[in-house]
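Undergrad: One structure coming up, written as structure tokens, with questions to follow.
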Amino acid sequence: MSDTICAIATAIVPQQGSVGIVRLSGSEALALAKRVFRLRGKQAFESHRIHYGHFLDADGGILDECLVLYMQAPRSFTREDVVEFHCHGGIAVIQQILRRCVELGARLARPGEFTLRAFLNGRIDLTEAEAVAELVSARSPEAARLAVGGLAGKLAGEVRQLRSGCLDLLAELEARLDFEDDLPPLDTGAVRANIGQSLAHARRLMATSTRGELLRTGLKVAIVGRPNVGKSSLLNAWSRTDRAIVTDLPGTTRDVVESMLNVQGIPVQVLDTAGIREATDTVERIGIERSHAAAREADLVLLVIDRTEGWTCADSDIFAQVRERPVIVVVNKSDLEGPPVYTPSRGVLATVPTAAPVGDGIDALEGAILAALGQEAFSVADGDFAVNERQYEALVRAEVALVRVVETVEAALPIDFWTIDLRAAAHALGEVTGESVTEAVLERIFSKFCIGK
């Protein structure tokens, strides 16, 4: 990490922002800044102060009028000297500034390299590093709040406490291997109780993964049904937009229409599909095929029926095609009269009446979706956190090792066997926080970060 790295730290989007940031980190960051930035007046670079001036090109001409922020090591995110140029947001300006930094010896940063340096320099642990990426990619306020809990070190504190308990017991057992004659008899009941508490603790941490996965990856919901039952009206009412075209003509929707919604913090991708019937032309046939594909790929299917017509044979046919997925039946046009609605007694998670044009039943529909996920009271409080897939896998290995410890104790095997599995549990827990992690794992984790973070 002896070289100085640089990257654009702000998002590059088609709609150019008003401000762009180019970030440097490394021992030569300040020296480079002094070569390219002309401070206004008699200012001198001071740590943690914003300075105004001009960024210069190779000929001494002005590239941009901007601000510069210098953060002296170790009081920076990476614990190295860090310099940020806050310039105008046009991509041409930002790229010229970045190119000039490279010309003077800085290296383009790899994805996540700033955060990697923060980890390697002891500024943050691995759970906090991963929380940085989760905060950047959060798609709802609840997901962001969950990431902040991890960034604050809540998860790391829990795992370190758990690992410390394993190491304390391991130290005691290894001492007995060396000085057994000098110590009182070992209370195996206390050992089992100790391991039992550690197992319960690990399982509590593992239980947070479901909520975290929902907030990170979201849910895909397909709206299916016969033509003209109100699928597009339901999407428009739910999204509070005119996302889909609505007419009285059956078969208006010919393709899958997507909309992103937020259901109590859970990102939900809703797919409004073409009405399923015998196709009358090639275009409609392709649309219906895509409807079937959307239903197969969905996490949850909303089967919409028409209250004025009741449950029809065509509805039964569609249900038979989608019943392998979790299904909620939506009885639309419930404000109108119609025959009694008899839905299948098996294979349906819930039946929800709606009147899409006036928005009735949307709250009940969202409640049914949350209930289907086992999340009837979904909320994220300050300080909450959730383990990600990598952390969960490491906790599973710790759990397996701890279960083996209990089994070896109960089988009255020699203490040597206990220590093998205790050491494995401690190692797995160390992988969560980064205290025992390989370079390959680090590379895999940080390669998923955006460049400049």
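Every residue, even glycine, has its Cβ placed from backbone N, Cα and C.
The annotation (6S)-5-formyl-5,6,7,8-tetrahydrofolate binding site is assigned in Swiss-Prot to Arg23, Glu84, Arg123, Lys453 on the grounds of sequence analysis. Residues annotated as K(+) binding site in Swiss-Prot, with sequence analysis given as evidence: Asn228, Thr247, Leu249, Thr252. According to Swiss-Prot, the GTP binding site annotation covers 228-233, 247-253, 272-275. The Mg(2+) binding site annotation in Swiss-Prot covers Ser232, Thr253. Taken from Swiss-Prot, the feature domain 'TrmE-type G' covers 218-374.
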Undergrad: Using the alpha carbons only, what distance in Å do you get between Ser232 (Mg(2+) binding site) and Glu84 ((6S)-5-formyl-5,6,7,8-tetrahydrofolate binding site) once rounded?
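TA: That comes out at 48 Å between the alpha carbons.
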Undergrad: Just checking, which of Asn228, Ser232 (binding-site residues) has the fewest C-beta atoms within 10 Å of its C-beta?
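TA: Each of the binding-site residues Asn228, Ser232 was scored; lowest Cβ tally within 10 Å is Asn228.
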Undergrad: Could you check which of the binding-site residues Arg23, Glu84, Arg123, Asn228, Lys453 is the closest Cα neighbour of Ala274 (GTP binding site)?
TA: Asn228
Undergrad: What are the non-local neighbours of Arg123 ((6S)-5-formyl-5,6,7,8-tetrahydrofolate binding site), defined as same-chain residues 6+ apart in sequence with CB under 8 A from its CB?
TA: Phe77, Thr78, Arg79
Undergrad: Please give the average pLDDT for the domain 'TrmE-type G' (218-374) in this predicted model.
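TA: Computed over the domain 'TrmE-type G' (218-374), the mean pLDDT is 81 on the 0 to 100 scale.
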Undergrad: Where does Arg123 ((6S)-5-formyl-5,6,7,8-tetrahydrofolate binding site) sit in DSSP terms: helix, strand, or coil?
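TA: Where Arg123 ((6S)-5-formyl-5,6,7,8-tetrahydrofolate binding site) sits, the three-state DSSP reduction gives coil.
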Undergrad: Test of understanding: give the count of other CB atoms lying within 10 angstroms of the CB of Arg23 ((6S)-5-formyl-5,6,7,8-tetrahydrofolate binding site).
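TA: Step by step: centre on the Cβ of Arg23 ((6S)-5-formyl-5,6,7,8-tetrahydrofolate binding site), count other Cβ atoms within 10 Å, giving 24.
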Undergrad: How many other Cβ atoms sit within 10 Å of the Cβ of Ala274 (GTP binding site)?
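TA: Cβ-Cβ neighbours of Ala274 (GTP binding site) within 10 Å number 28.
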Undergrad: Which one is it, among the binding-site residues Arg23, Glu84, Lys453, that lies nearest to Asn228 (K(+) binding site) by Cα separation?
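TA: Spatially nearest to Asn228 (K(+) binding site) by Cα position is Lys453.
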Undergrad: If we check Cα distances from Lys231 (GTP binding site), which of the binding-site residues Arg23, Glu84, Lys453 wins as closest?
TA: Lys453
Undergrad: For each of the binding-site residues (Lys231, Lys453), count the other CB atoms lying within 10 A of its CB, then report the residue with the highest count.
TA: Lys231
Undergrad: For Glu84 ((6S)-5-formyl-5,6,7,8-tetrahydrofolate binding site), what residues in its own chain, 6 or more apart in sequence, show a Cβ-Cβ distance under 8 Å?
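TA: Glu84 ((6S)-5-formyl-5,6,7,8-tetrahydrofolate binding site) has long-range Cβ partners Ala9, Ile21, Val22, Arg23, Leu24, Val68, Leu69, Met71.
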Undergrad: Let me make sure I understand the span of the (6S)-5-formyl-5,6,7,8-tetrahydrofolate site: among Arg23, Glu84, Arg123, Lys453, what is the greatest distance between any two Cα atoms, in Å?
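TA: So the maximum pairwise Cα distance among the (6S)-5-formyl-5,6,7,8-tetrahydrofolate binders is 19 Å.
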